[in-house]
Amino acid sequence: YKLSVAPEMDIMEYCRKEWRGNTPVAKRMRKGYEAVAQKFASIRRVRGDNYCALRATLFQALSQATQLPNWLQSEDFTMLPENLLRKYDWIKQWQLKQKLGRKMGEISEEIKEYLILLRKKWKNISEIEGPIEKQEACDKLFKNEEEEYSLYEALKFLMLNTAIELYNDDKSGRRVPVFSWLLFARDTSSNPCQLMHNHLNHIGHSGGLEQVEMFLLAYALQYTIQVYRLYKHSTDEFITVYPNDPEEDWPVVTLITEDDRHYNIPVRMCQETML
């Protein structure tokens, strides 16, 4: 198996290994890591395929989960694919992960399975009380490729559902967050159908998440995603929060990026920060 999230390593040790030179970029990265090290002691490297933003976010959310989020508890959660396909025929072109011998028309059943798996794993892990056991359960899940990639398909589908809701809200004159305008202002995603074809279908295959899609992920999960963007050190974008006006009761996950493409995970908050 390949471990999707590497074991933890001292954050400054990692930085020294990765950024040795004296170029302006290396200096800035070291400064960035020093700032993160004020808050977190260790880092865990996340496997760098095009799922890494989803992987890092989900891993962090599960490893600190203490309860099932409300949206995962709702009765009609698993009916989502069926209900959406009834309204939007174009969702049939959703790009599922490659499976041999798939017949058309199974798409809603398959996504339903992924959603059920997401709910089950989230519930099981959130019920584990000991932090060490919880961490072990997360590590085990992220070693199981079949399950892990099924969870990313579930997240992508939830992002599509959120995009459809925001698009419809805007069309019917309700207030929507600013990022939603930016999402649909792109030539390649002026509506949810285009967003699916040109963006969501490619995540994990030929591309990762763009910045505006990090907002969409945060809204889909109802989590605040806080990111240390190391190459922006000493600017006001060094710590970026998606969304920038989160609901107060949304839990927070923290990620690190050097370039807005690949994300790693800071772990072990330093004691004084926790106080």
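One is the number of the first residue shown, and numbering goes on along the chain from there.
Just so it is clear, glycine is given a Cβ too, placed from its N, Cα and C backbone atoms.
For reference, TrEMBL has these:
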type: ACT_SITE; residues: Asp49; note: active site
type: ACT_SITE; residues: Cys52; note: active site, nucleophile
type: ACT_SITE; residues: His262; note: active site
type: SITE; residues: Glu237; note: site 'Linear diubiquitin binding'
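Ranked by CA distance from His262 (active site), the recorded positions Asp49, Cys52, Glu237 have Cys52 at the top as the closest. Within the same chain, residues at least 6 positions away in sequence whose Cβ sits under 8 Å from that of Asp49 (active site) are Gly204.
Around the Cβ of Glu237 (site 'Linear diubiquitin binding'), the number of neighbouring Cβ atoms within 10 Å comes to 10.
Sequence-distant contacts (6 or more apart, same chain, Cβ under 8 Å) of the residue listed as 'active site, nucleophile' comprise Val46, Gly208, His262, Tyr263. Around the Cβ of His262 (active site), the number of neighbouring Cβ atoms within 10 Å comes to 18.
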